[in-house]
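Quick look at what TrEMBL lists:
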type	residues	note
ACT_SITE	D203	active site, nucleophile
ACT_SITE	Y333	active site, proton donor
ACT_SITE	H388	active site, proton acceptor
DOMAIN	19-132	domain 'Epoxide hydrolase N-terminal'
Amino acid sequence: MASQDFSKLPHIVDSEANVKPHKIDIPQSETERLYNLLDNSPIPDKTWENSHTDGHFGTNRDWLVNAVKEWRHNYDWKKWENKFNSVAHYTADVKDDDGNIYTIHFNGLFSKRKDAFPILFLHGWPGSRVEFLPMLDLIQQKYTPDNLPYHIITPDLIGFGFSSRPPLDKDFNVMDNARILVKFMRALGFTSERGGYMIQGGDLGSIVGPKVAALDPETVRLVHTNILMVPPPEGTNVEEDIKSGRYTEDEIEALKREKEILGWGVSYAAIQGTRSATLGLAFGSSPVALLSWIGEKFLEWPDPATIPSLELILTNISFYWFSRCYPTSLWHYRLMVSGIEGFGSQFDGVKCPFGYSWFKRECCNPPKAWLDRLEKVQWYRSHERGGHFAALEQPKVLWGDVHDIIKEFGLLLQ
């Protein structure tokens with residue numbers, strides 16, 4: 001990444017937030033521990049199921065063997081640690097309403113322009129801040145601190161990465177995370193009096209982001225997501241709509257794919273929501289198991305034409321492993337097991353304009369006709385390439401959408 005200094009925070013921050021520069025520095029002893037576990041974790045024999053290469057039964061054994069070998073002998077974590085540290089990295093303490101203090105780790109690119117518009121990017125599961133590294137690189141290549149028209153903030157959600165864990169003495173939900181983020185952004189000085197900010201999110205970020213907007217409607221000016229979990233509007237007959245030509249061929253394929261996923265591909269969510277403790281103990285203690293479980297999603301959920309490189313997949317899994325966050329990243333699946341209703345609608349309480357980028361191979365892709373009937377989405381764009389991990393798969397395209405929606409709603413002065 002570029003070496004220009006985008007690190008100067010634009011506002012005087014709340015002293016109680018205790019904002020401090022930070023660098024990721026995983027001790028060599030932790031790297032050696034990982035290598036030892038990789039060396040001494042036997043991979044089970046071939047089976048009929050793990051010999052399949054189409055992902056129908058999960059991870060292919062040959063892929064796992066190769067990925068473990070690559071992780072152990074060729075992958076360079078320090079290279080990626082340096083990439084993280086080449087982007088300004090801070091910690092901030094947020095005192096919640098109950099007095100608990102949560103520390104949020106975040107990367108940022110901060111402009112010297114007084115009219116720069118802030119954007120809060122939120123990751124999902126099994127993603128992380130790793131998803132935004134290619135985009136941050138593009139931004140640094142295109143702009144300097146003097147002409148960057150934005151402030152970019154990419155935090156670890158609570159329970160993810162190096163941010164604080166959810167509390168041990170009570171449950172934790174989407175609104176809790178959203179409330180903490182509202183306080184976090186205020187502590188950094190991004191307030192309604194200074195023009196507010198925009199939120200972009202995928203996966204869990206597309207759920208938490210709108211809740212932030214609902215909690216702080218005077219400050220959040222725009223919400224943009226690259227996934228929408230929208231049921232058919234009342235009275236919709238999907239089969240009749242298909243026969244009458246109401247949907248495009250791409251939308252019909254997306255509906256078929258979503259039906260397959262809901263019938264077969266969401267078993268991972270059910271088990272993460274009902275047996276979070278068991279999975280956390282199992283995958284949190286074995287890097288090979290973690291690689292098999294998370295790696296599967298990075299092979300199945302993207303567009304086949306834009307699957308992230310093995311190096312990027314290993315970086316994301318290394319981020320989970322070294323931060324030890326897998327067990328604490330499952331809190332939202334307890335809500336998911338009750339269906340979409342466990343989260344509430346992504347539109348609930350959102351007063352600002354809502355934008356949506358439709359990537360052809362995303363897991364959940366409602367037809368535009370549904371969105372038109374709901375009248376909740378004010379900005380829409382579709383893309384032929386890209387899947388669930390849009391920021392990793394199509395960083396230039398996603399960034400272009402974010403830039404354009406800000407410009408079209410008059411929030412970019414030039």
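For all residues, glycine too, the Cβ spot is worked out from N, Cα and C.
These figures come from a predicted structure and were not determined experimentally.
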Residue counts (helix, strand, coil, in that order) that DSSP gives for the domain 'Epoxide hydrolase N-terminal' (19-132):
39 helix, 25 strand, 50 coil
DSSP on the residue listed as 'active site, nucleophile', three-state: which is it?
coil
Hey, what's the Cβ neighbour count for D203 (active site, nucleophile) at 10 Å?
25
Return one of helix, strand or coil for the residue listed as 'active site, proton donor', based on DSSP.
helix
Under 8 Å Cβ-Cβ from the residue listed as 'active site, proton donor', six or more apart in the same chain: what's there?
A269, Q272, G273, S276
Cβ atoms near H388 (active site, proton acceptor) (within 10 Å, other residues, all chains):
23
Can you give me the Cα-Cα distance between H388 (active site, proton acceptor) and D203 (active site, nucleophile) in Å, rounded to a whole number?
8
